[in-house]
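Here the structure comes first, spelled out in C-alpha cells, and everything after it is commentary.
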Amino acid sequence: MAQPVRDDAKPVVDASRAAAGTRVDLDGVSRRYRIGDVTVTALEQVDLHVDEAAFVVILGPSGSGKTTLLNLIGALDVATEGRVRVGGQDVTAASRSERARLRRHTVSFVFQSFNLFPGLTALENVQFGADVAGRAQARQTAESTLAGVGLAGRANHFPHQLSGGEQQRVAIARALATGNPVLLADEPTGELDFRTGVAILDLLRKQAEAGTTVLVVTHNREIARVADRVIELSSGHIVADGPPPGGRAPVSELHW
Amino acid sequence: MRTRGLLLRWALRDLRRRWVLVTAIALVLALGTGTYAALLGTSDWRRASNDRSFELLRMHDVRVTLSEGLTAEAGTLAAAVGRIPQAAQVQAVAERLILPTLVDVSSAGQQVLVPGRIVGMPVDAPVDRLSVSSGQGLRAGDPAVVLERSFADYYDLPDAGTLRVAGDRSLSYAGHGQLPEYFAIAGGGGGAFTTEAGFGVVFAPLETAQALADAPGRVNEVVLRLASGADDGAVAAALQQELDAEQLASTAVVKGEEIVYRTLYEDIEGDAQFWRIIAGLLLAGAAFATFNLTTRVVESQRREIGVAMALGLPRRQLAIRPLALGVQISVLGVLLGIGVGVVTGRLFGGLFRTLLPLPVWEQPFPYATYLQAAALGFLLPLLGVAWPTWRAIRVEPVEAIRVGHLAARQVRFTPLLRRLALPGRSYSRMPLRNLVRTPRRTVLTSLGVGAAIATLVAVFGILDSFTGTLDDFDAEATRSAPDRVTVQFADVFPEDAPQVAAVTGAPQVGDAATTLLVDGTARSAGEEIPLAVSIRDLGGGLWRPTIDGGGADAARSGIVLSQVAARDLGVQPGDRIELDHPQRTAAGFTRATTTIVVGGIHPGPIRAVAYLDRSQAAAFGTSGLVNALEVTPAAGVSRDELTRALFAVPDVASVQAATAVTDSFRDALGAFTSVLGVAAAVTLLLALLIAFNATSIATDERARENATMFAFGLPRRAVVTMGVVENAFIGLLGTAVGLGLGYLFTRYTVEVQLHRTLPEFGMPASVSPTTVVVALALGVGAVALTPLVTLRSLGRMDIPATLRVVE
C-alpha cells in the first residue's frame with residue numbers, strides 16, 4: 001500500500017545550487033509560431049520577475065500561453081523576442097547544449113501525464129533525476145526523496161503497477177531528486193482526484209518553503225489560493241499579477 | 001459506403017505521411033522476395049541453357065578410353081563398336097587421340113605454362129562437335145589447332161597465334177572453341193581437379209595430334225552417340241568387353257557420369273538446394289521484419305481505432321485503415337520485389353555467363369517462381385497487419401481510448417525486469433529493460449537480424465570450408481620437399497628407360513623419386529568409386545602421405561584410401577575391398593580384379609587419390625614401370641626454371657607443382673566468391689534495413705520518453721547511446737541465433753548437399769574466426785550503429801509538443 005505523504009518530509013533542494021541564485025526574469029518576451037502561412041502569437045511582450053523560493057501559480061484558460069511560458073523558463077523552447085534569464089543565465093542566447101545544461105542543473109519538470117519511464121522502477125525513475133543532475137550518492141538521494149513523498153514501500157514497483165497519484169508523486173520525487181532550485185510543474189494535478197491532488201500541492205508547497213522556486217501552471221483557480229503569487233494569462237498577455245485574493249490559504253482549505 | 005471512402009482517403013493520407021517507412025518496409029520485403037525469386041529462378045534457365053548447349057554440340061552418350069599408354073590402330077575402336085550386340089543402336093562414332101601435354105602460350109606480357117591435353121579429333125566429327133567462339137575451327141588439311149575457349153579467355157589470348165606443347169613443339173592456333181566435355185574444366189583426369197587457369201586444352205585435327213605423338217594412324221579413345229532409349233551402360237560394358245578381348249584395357253564413361261555433364265546438372269540441383277536455404281533465410285528475415293514493423297505501426301493506431309469504435313463504427317470498417325497499410329506495403333513490396341528480382345537475376349545471369357561460358361545461354365523469365373514470390377510478398381504484410389488489427393478491434397473501446405497513466409499496460413516478465421538491475425546510473429538500465437518489457441518486438445527483430453546473419457554465415461561458411469580444406473591439403477602436400485614438382489610422362493616406361501634418365505639426369509633436377517599412376521575402381525558392399533592409384537615408395541621417397549590407422553607396415557601391405565573414399569565404401573583400415581585395375585600382360589594391358597586390404601587412411605580431400613607401396617606393384621604386373629616422377633629443383637634452380645627445362649624433354653607430358661590442385665581450386669573459389677558475394681550483399685542490406693526500420697519505429701514509439709530525458713537535460717548523445725546499446729543487445733541476440741543457424745546450414749550444405757553434387761571432393765564444414773568476426777561486426781556493430789541515423793531527427797525534436805502529446 002502507498003504511504004501517505006509525510007508532514008515532516010524534508011525538502012531535497014541542493015542548498016549549494018539554490019545559493020547560486022534562482023531568480024527568474026523575463027523581459028519583453030514574445031513567442032510566435034508559424035503554422036503554414038499563419039503566425040500564431042503564444043506570448044506577447046511579457047515581463048515577469050520571480051523571486052527565489054516563491055510558490056507561483058500561473059493561471060489561464062487553454063491557449064492563454066501558460067505552458068509556453070513554462071517551456072521558455074525551462075529552456076525547452078526559445079523566445080522569438082525578448083530575454084529570459086534563469087538564475088542569472090540568459091536562456092535566450094544559450095546554445096542547445098547550454099540549455100541542456102541549464103535543464104540538468106537549474107530547473108526540473110513535473111508533467112501532467114507524469115512521463116515516467118516504463119522500464120524503470122519507481123526508485124530508478126527518481127534516481128534518474130539525481131543521475132542526470134550529476135548528484136553524488138544518487139541512489140541514497142533517490143531513496144530518501146521517494147520516502148519523502150511517501151512511496152518508500154513502492155520503490156521497486158514499475159509505473160504500470162502504481163496508481164495515478166503514486167505515479168505523480170514519483171514524478172515529483174524525480175524532479176526533486178535533481179536538487180535543482182527551480183521546479184516547473186505543468187498541470188500536476190490535472191489527472192488526479194481531489195485528495196491526491198491536494199497531497200501533491202502540499203508537497204510542492206513544502207518545497208517552496210524550503211527554498212525551491214516553484215512555478216505551477218494550472219487552469220484550476222482553487223489551486224491559486226495556496227500560492228504566494230498568482231499570475232493570470234490571457235491570449236499571451238499577463239492580465240493579473242499579485243497575491244491570491246483574500247491572502248494565501250493553507251492547503252487543507254482547498255476544495256474542488 | 002461514404003465511411004468506407006473516408007477511411008480509404010485516411011489510409012492514403014497515412015501513406016503520404018509515412019511513405020518513407022512504408023517504402024522501407026516494402027524494400028525489406030522486396031529484398032526477401034526478389035532475391036528468393038531470382039535465386040530459385042536460376043535453376044530453370046541454367047537447365048535450359050545446359051540442354052541446348054549439350055544438344056547443339058551433339059554430346060556423346062558413351063566414351064571409352066584405352067588405359068594409360070595404350071593406343072590402337074585407327075578404325076580398331078570403331079570396328080569393335082560394330083561388333084557389339086547393341087551396334088544397331090549406335091548412331092555415330094568418332095575416334096580420337098588424347099594426349100597429355102604441357103601448353104605454353106607465354107608472351108612478352110605474361111608467362112603461361114600449364115599442364116593440358118591435346119584432343120585429336122576428326123575435323124567433321126559427328127559426335128562432340130567443336131563449337132567455335134572466335135576465329136576459325138578445325139579444317140581438313142590444315143594442321144592449325146583450336147584453343148579451349150575458357151583457357152583462352154582467362155589469359156585474354158588473341159583469336160590466332162602460336163603455342164608450344166611438350167617436347168618443345170610449336171603449333172599454330174586459329175581460333176577458340178569448346179567441346180561438351182570442356183564446358184567446365186573440372187577434371188584433369190584420374191580424379192584430379194583443375195580449372196581453366198591451370199589446364200590448357202588444345203583441339204587438334206586427328207592427324208596433327210598423331211604427328212605430335214609420333215603415333216601416325218593411332219587412336220586411344222572412341223565416343224559414341226546412341227539412339228534414343230538405348231542402354232548406354234550396356235553399350236559401354238559390351239564395348240569394354242570387346243576391347244578386352246583384344247588386350248586393350250579401357251575405362252568407359254556414360255554421359256550421365258561425365259564429370260562435366262553430371263556436375264553441370266547436379267550443380268543446378270545442389271545450387272537450387274543451397275539457394276532454397278539462402279532464399280528461405282532471406283525471406284524469413286524479411287517476413288520477421290515485416291511482421292514486426294507492420295504490427296508496431298498498427299499498434300500505434302490503437303487509440304484511433306478505439307475512438308472510432310466508441311463512435312460506433314462497425315469492426316469490419318475499422319479494419320480498413322490498418323489493412324490498407326498492409327495492402328500498400330504488399331503492392332509496393334511486390335513491385336519492388338520484381339525489380340530486385342530482375343536486377344539480381346541479371347546479375348546472376350552475367351556471373352554465370354562469365355563463370356560458365358556455354359555456347360548457348362538462355363535466360364527466360366521464370367514466371368512461376370516470380371508468381372510464388374509475389375504471392376508470398378503480398379500475403380506477408382497482410383498477415384502482419386491482420387494480427388494486430390484483429391487484436392485492436394477486439395478490445396473494449398474504453399480500454400482503447402485510455403490515455404496517460406491509465407493506458408499503461410500490464411508488462412510481462414515484471415519480476416525479471418526488476419532483477420535486471422545493473423549497477424551504475426539509472427538510465428543505463430533502460431536498454432536491457434526495454435528489450436525485456438517488449439519481448440515480442442525483441443524476438444521478431446532479433447529473428448529478422450538472425451536470419452540475415454545466418455544467410456551470411458552459411459554463404460561464407462561454405463567458402464571457409466573450402467579454404468580450410470585446401471589449407472590443410474597444402475600443409476599436407478608441402479610437409480616435405482615443398483618445392484617438388486610432379487613430372488608426368490606421355491607413356492609408361494621401365495625405370496631405366498632413357499626418357500626417365502633424361503629427366504633425372506637433367507642438371508636442373510635435384511632429387512627424384514619414381515611413381516606409377518594407374519586408374520582403378522574400388523568396390524565394397526555394393527559401393528563403387530573410381531580411384532587414381534599412385535604406386536610409390538611409402539617408406540621413403542621425397543614425400544609420402546600422412547597415414548592414419550594400421551601403422552606404417554600395414555600401410556605398405558595394403559591400399560591407402562582417402563577419408564572420403566573409405567567413408568563412401570564403408571571401410572576402415574584392416575577391411576578388404578575389391579580393386580579393379582589395369583594389369584600388364586605380354587600382349588599389353590588387360591583389366592583385373594584384386595582383393596586388397598585397406599592399409600590406412602590419408603587426409604587428402606580428393607576421394608579418388610589412393611596410394612600403394614611399390615612393393616605391391618608385382619600384383620599389378622607393373623614392377624619396374626614408371627609413368628611419373630617427383631623431382632626437386634637442384635640447388636640454385638627455381639621451380640619455374642625446372643618446369644621450363646623439363647618442358648623441352650621428349651615424352652614429358654606435364655610438370656606440376658605439388659600444390660597445383662589446390663592452386664586450381666583456389667582460383668575457382670575466386671569466381672565462386674563473386675556469386676556468393678551477391679547473396680552476401682543482399683543479406684547485409686537486409687540486416688541494415690531491418691535494423692534501421694526497427695530503430696526508426698522505436699524512435700517514434702519512444703518519442704515521449706526521449707523528450708522527457710531531454711527535458712531533464714540528458715544530452716542527445718546519451719539518448720542515442722541508449723539506442724545503440726539496445727540495438728547492440730538485439731544484434732547480439734540475432735547474431736548468436738544467426739551464427740548457430742548459419743553453422744547448421746553450412747554443415748548441411750557442405751556435408752550433405754555438396755557431397756551429393758561433388759562426391760569426388762571431401763571436406764569438413766567449418767566456419768572461420770574471420771567469418772564469426774564479420775558476422776559480429778555486421779550483426780552487432782552495424783545494427784548497433786543504426787540509431788546514429790536518428791541523431792538528426794532527435795536534434796530537431798519539438799520537445800514541448802512531444803511532451804504534451806497524449807498517447
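Going from the start of the chain as shown, residues are counted 1 onward.
Every residue gets a Cβ built from N, Cα and C, even glycine.
Database features, via TrEMBL:
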- B:274-293: transmembrane segment (TRANSMEM)
- B:277-397: domain 'ABC3 transporter permease C-terminal' (DOMAIN)
- B:323-347: transmembrane segment (TRANSMEM)
- B:367-387: transmembrane segment (TRANSMEM)
- B:443-463: transmembrane segment (TRANSMEM)
- B:675-698: transmembrane segment (TRANSMEM)
- B:678-798: domain 'ABC3 transporter permease C-terminal' (DOMAIN)
- B:719-745: transmembrane segment (TRANSMEM)
- B:765-789: transmembrane segment (TRANSMEM)
| said: Can you tell me which parts of the same chain pack against the transmembrane segment (B:367-387), counting only residues 6+ beyond its ends and a CB-CB cutoff under 8 A? | reply: 25-26, 29-30, 32-34, 36-37, 40-41, 44, 283, 286-287, 290-295, 297-298, 322-323, 325-327, 329-331, 333-334, 337-338, 341
| task | Would you report the average pLDDT that the model assigns to the domain 'ABC3 transporter permease C-terminal' (B:678-798)? | result | 86
| query | So which of B:323-347, B:443-463, B:675-698 is most in touch with the transmembrane segment (B:719-745), counting Cβ pairs under 8 Å? | reply | B:443-463
| Cβ-Cβ under 8 Å with the transmembrane segment (B:274-293): same-chain residues at least 6 beyond its ends | 21, 25, 28-29, 31-33, 35-36, 39-40, 42-43, 329, 333, 376, 380-381, 383-384, 387, 441, 444-445, 447-452, 454-455, 458-459, 462, 679, 682-683, 686-687, 689-690, 693-694, 697, 741, 745, 748-749, 753
| How many of the residues that make up the domain 'ABC3 transporter permease C-terminal' (B:678-798) does DSSP mark as helix, as strand and as coil? | 102 helix, 1 strand, 18 coil
